[in-house]
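These notes concern the structure reproduced below.
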């Protein structure tokens, strides 16, 4: 046996022994937590908060079972520390047995180089399958001869991970994060961070690991949860296991179309209308429209118990000004004013009651006086009333007025009159009235041409994708008719159901696709602007036609930070060599990412006649599926061909370029690339299509 094999065998055995110890400790901690959860009480807020912390730690530990230990750092001082997906305390709960990858003590695992060893002699990547150590990869750091900075950290482990067959689900990358990725993961959460990354740079996995890192270092964010906004349901399913595997459960995932609870997109719309509805001008227009729906100050007549009361304009105007000065939503302002009006009405009713009682008392005194005179004349009876006034003062106590106010609030006639004066509104009907009123559109929506106004007003009923952001704006401006319910037991469920929920952090993937109005949707859900937005401006296919990040995220303001991912880990060099002409045709001003690996397979191309296209695609897709058995193969085609190809291909996904965003396969087959390029923003779409594979790319050209 060669010496290096003996050394490797010893290293594997050493790490196996440690992994066994860590697994035992992991089981002990889970058993302890299960016991604490069983006996935990939920009687009060403090106990419920403690219960939530225990549940979160339980989920974190359970998620850490796979990848319990994946790295080791050896220091110049002779100490060693193991790195894992979750931190494990030692038996005495003092020195850590395993350091959490997010902890400062693990930072050097991702950043140390031979040129900057950071006090380390060696970094070891430990590859495991289940509970078994299968390989180790060592990198000498301090004193490594001929060393340079290099592009990759843990090159052997990284390339092994990249060469694995795709499963249809994104996995975690805590063991193989690279330096430029780690810098973004650990960046501060103050204000928006926009990450530009070409295909294969790992921008999505970086954003998700950033969430896990921020929740670890800033646990208060977990109290509000995290929103992950993706381009499609298929994409969200693809990435859906990453955060749970990292122990994070307080996460809501959605698309812009599904973000507003209870709203379903019912119809398609043209790219032209989608672009119109995405413009930033709608925010101000809708604000002005809802302002117009608030009643004007004036005398207010209300009837109670058959009596009519007129509340003067001065009082109503003061109540309206007080409610509107705080910038409250329509219904919150209505609740405030209605409470004020009921108070004014109660005072008016009380005043009138006092007046009536005073009048009755004066009349009663007159009657008693006449009676006394009559009795005086009847002196043979010797009787006097002895009553000289009423015992009733006619003044209602505070409790009486409060009770009267409650009666007024429950009175149907009063409620009906207030509903006519200041009605409660449904967001959907309110928006529909606005969109179908050409005169209002012309008055309030600046910059719309006559043709654009007519096109918006002529749309049929039912919501399109472009309507959702407008509907969200109206719903926010109106607010809830009643105060929202208290938070339920599970934060993610409560957050998903509540339109007004404010998240601790928001991740936006494929951020280049969002319109200005969709960005407003995001900002409403994250007032702190703790946002990570990742995307590739060169992959933008949305109707808004943004070509720079300055345009794409203008709504976020000038405080946006920018970071770039420049290295392509997924897509092989052979494929990336094809994309420069495509980017030039797309009008790109950015350089494509630099590929660092080769698959050994050159991209290939075949031609097919129109009448034989489906058969050729089916045959080629079948060959790829056989060659990459156990992995994933995908087909990308123009929208006009996708349906026919889906019917013909069984078990192989057929997607448009837009649908394929963010996904990856072992092999990709691009059908009719010229047809893809001919679509709106088609060169951008072709760039997406060509860069979905990790190993092999084929194209079927229609002749």
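Note: Cβ is positioned from N, Cα and C throughout, glycine not excepted.
Taken verbatim from TrEMBL:
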BINDING   197, 198, 199, 200, 201, 202, 203, 204  ATP binding site
DOMAIN    176-572  domain 'UvrD-like helicase ATP-binding'
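Listed in chain order, the extra residues whose Cβ falls within 8 Å of the Cβ center of the ATP site residues 197, 198, 199, 200, 201, 202, 203, 204 are 536, 565, 568, 569, 570, 593.
The Cβ neighbour count for residue 204 (ATP binding site), using a 10 Å radius over every protein chain in view, is 25. In the three-state DSSP scheme, residue 199 (ATP binding site) is classed as coil.
Highest local Cβ density among the binding-site residues 197, 198 belongs to 198, counted as other Cβ atoms within 10 Å over all protein chains shown.
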